[in-house]
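As recorded in Swiss-Prot, the features of this protein are as follows:
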MOD_RES   Val1  N-acetylvaline
DOMAIN    2-146  domain 'Globin'
MOD_RES   Thr12  phosphothreonine
MOD_RES   Lys59  N6-acetyllysine
BINDING   His63, His92  heme b binding site
MOD_RES   Lys82  N6-acetyllysine
MOD_RES   Cys93  S-nitrosocysteine
MOD_RES   Lys144  N6-acetyllysine
Amino acid sequence: VHLTAEEKNAITSLWGKVAIEQTGGEALGRLLIVYPWTSRFFDHFGDLSNAKAVMANPKVLAHGAKVLVAFGDAIKNLDNLKGTFAKLSELHCDKLHVDPENFKLLGNIIVICLAEHFGKEFTIDTQVAWQKLVAGVANALAHKYH
């Protein structure tokens with residue numbers, strides 16, 4: 001994905017303010033609630049029967065944080081997303097058999113969470129940069145599927 005210097009700056013400056021655990025848990029929780037079929041990949045997480053259970057589930061919160069830590073790796077390697085996510089792509093493709101469309105869904109939910117948390121600070125230009133990033137990450141994660 002091609003990011004301008006301004007877009008890279010918009011991503012990195014906002015990222016430094018992101019509450020990783022809170023935002024990651026919220027994003028994964030929202031994915032499981034808004035797109036309930038995605039919960040089939042998380043059967044071992046215990047109670048995912050309703051929104052309250054999902055958002056209070058410690059395994060959801062922990063895995064969501066892990067997902068955002070991986071986004072942090074992407075932000076450190078904006079010019080090499082495919083290389084950064086090669087092993088995760090292989091894991092999600094070969095072992096977990098995750099539908100790559102789910103990466104796009106989660107990316108969009110991450111953008112929604114950031115917009116909610118940062119309000120007016122999450123400008124249109126910032127959204128453009130983040131949408132490019134989450135699309136690039138989704139593409140990198142789907143790389144092994146091709």
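Every residue gets a Cβ built from N, Cα and C, even glycine.
Structural mapping of features recorded in Swiss-Prot.
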| residue | record | DSSP class |
| --- | --- | --- |
| Val1 | N-acetylvaline | coil |
| Thr12 | phosphothreonine | helix |
| Lys59 | N6-acetyllysine | helix |
In whole Å, how far does the CA atom of the residue listed as 'N-acetylvaline' lie from that of Thr12 (phosphothreonine)?
16
Within the predicted model, mean pLDDT of the domain 'Globin' (2-146):
88
Reported as an integer number of Å, what is the Cα distance between Lys59 (N6-acetyllysine) and the residue listed as 'phosphothreonine'?
27
I'm trying to understand the geometry here, so how far is the Cα atom of the residue listed as 'phosphothreonine' from the Cα atom of His63 (heme b binding site), in Å to the nearest whole number?
22
Within 10 Å of the Cβ of Val1 (N-acetylvaline), how many other Cβ atoms can be counted across all chains shown?
18
Are there residues of the same chain, six or more positions away from His63 (heme b binding site), whose CB falls under 8 angstroms from its CB, and which are they?
Gly24, Leu28, Phe42, Phe45
